[in-house]
Structure formats: C-alpha cells, structure tokens
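Going by TrEMBL, these are the annotated features:
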BINDING   His111, His113, Glu118, His157  Mn(2+) binding site
BINDING   His113, Glu118  oxalate binding site
DISULFID  Cys32-Cys49  disulfide bond
DOMAIN    72-196  domain 'Cupin type-1'
SIGNAL    1-23  signal peptide
Amino acid sequence: MKLFVPLCSSILLIGIFVPRAQSDSPPLQDVCPMAPQGEGKLFMNGFLCKHPSTILASDFKTLLLNHAGDLNNMFRSSVNMVTATEFPGLNTLGLSMARTDIAPSGVVLPHSHPRASEMMFVHGGSVVVGFFDTKGRLFQKTLGQGEVFIFPRGLVHYVMNYGFGRATTFSVLNSQNPGVIGITHAMFTTDSDVVEGLMARMLKFGDMGLSDNSTAGLPWAF
C-alpha cells in the first residue's frame, strides 16, 4: 500500500507529459495516405533541406511582398501568399506570409485556412475584418493603420476595404502550408452572379456597423 500512491503518481505524470513530447506534427498537405509496403518512391510531407555548408544569408530574404498585387478584377483585391515553396528560408519553421491589397469597395471573400491561424497587420488604409466561430457567432472589427487582428485556425473569415483609398495588410500564418478553402469553391460554383451577390451583401454588412459578436444579417445568407 505504501508503494501504491507513489506508483500511481508516477503513472499519472507519465500520462500527462509523454503524449506532449511525442505528439504528431501538424500535416503540411490535405491528405497523405500511407504508401503500400515495398513501394520504392519517396514522397516528403514538406521539402528536403539544403546541406548546412551551402546555406546563405540570402536564403532568409525575400522581395515577394514589396509590391502591390493586381486589383483589376471583380473583387478589387489581391492576396499574395508566400510559403516555403516560394521562400526557401521558411522551410521547417512552420510559417508563411501574405500581402493583401484591396481597392475601395473591394473585398476578400470568406475563406478559411485549415492548417493555420492568421495574424493580420494593417499597413495602410482602413478595413473591416471578421470571422465566425463554430457556434455561428460573428467577431467583427474596423481596423486602421497599425492595428492587428487574429483569425483563428480553420474559421471562416473575410476582409473589406472600409476607406476611400487602397488598403494594404500583411499577415503571418503559423503553418508552412496553410491551405485555403473559399466559400465559393466549397459551393462548387464560380458563377459571377453568385459572387457579385455575395460581394454586395458583404459590403452592405460592413455598412451596417454591427456590434461585435452579432449574428444578425449574415452577408452570404441568400
């Protein structure tokens, strides 16, 4: 009996700490079925690393976010996502970056990142941002230059230009390959009338000035 309590305590501590130390890394792709035994092909869930002797300081620098994207489209917005595919220095660090430019009355349609949370910094202009949790609650804010907002992993979110000039934001995402799932893609449609209707509802939604956590008048409720 004297050994019973210390033994139980040891087992409990092992159960608490060992799973954390041996937890799986988050996936870097949508699916990855196990290859049949004996299959000779090698497939990496990520990228091979350079030999340490060949690493250069230039591997950790990029100019991919230093210019605005093309806003001449029906959304009047541009999102430039930079992952380890384009920026070798990001490999194995669990990070990616994005630049978003939005013209007046432009929008970034509702979408989600299944493998990452997103921290957005407003570099210039004014935007309305928001996301929905799994209970349907809306978390929406108007942001100005220098302000930061976080979109939790996997939750649907959107961005709208709320000013009279171009808005620019920069984001950091905590995955080497965040993935993007768009609402229109999930609906299996690219019909322009549907997209234009969605954009109109979003812009009207931003003008409503709803308070935080409101769920009234969802912009994509047809």
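Cβ from N, Cα, C; glycine included.
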8 Å Cβ shell about His111, His113, Glu118, His157 centroid, Mn(2+) site members excluded:
Ser112, Ala116, Phe131, Phe151, Leu155, Val156, Pro178, Val180
Pop the Cα-Cα gap between Cys32 (disulfide bond) and His113 (Mn(2+) binding site) into the table, whole Å please.
18
How long is the line from the C-alpha of Cys32 (disulfide bond) to the C-alpha of Glu118 (Mn(2+) binding site), rounded to the nearest angstrom?
24
Entry from the binding-site residues list His111, His113, His157 having the most other CB atoms no farther than 10 A:
His113
State the Cα to Cα distance, in Å, between Cys49 (disulfide bond) and His111 (Mn(2+) binding site), rounded to an integer.
31
Using all protein chains in view, find how many other C-beta atoms are within 10 Å of the C-beta of Cys32 (disulfide bond).
10
For the domain 'Cupin type-1' (72-196), would you mind checking the mean pLDDT of the predicted model?
90
Residue counts for the domain 'Cupin type-1' (72-196) under DSSP, helix then strand then coil, are 12 helix, 56 strand, 57 coil
Suppose we draw a 10 Å sphere around the Cβ of Cys49 (disulfide bond). How many other Cβ atoms does it contain, all chains included?
10
Which number gives the other C-beta atoms within 10 angstroms of the C-beta of Glu118 (Mn(2+) binding site), all protein chains shown included?
22
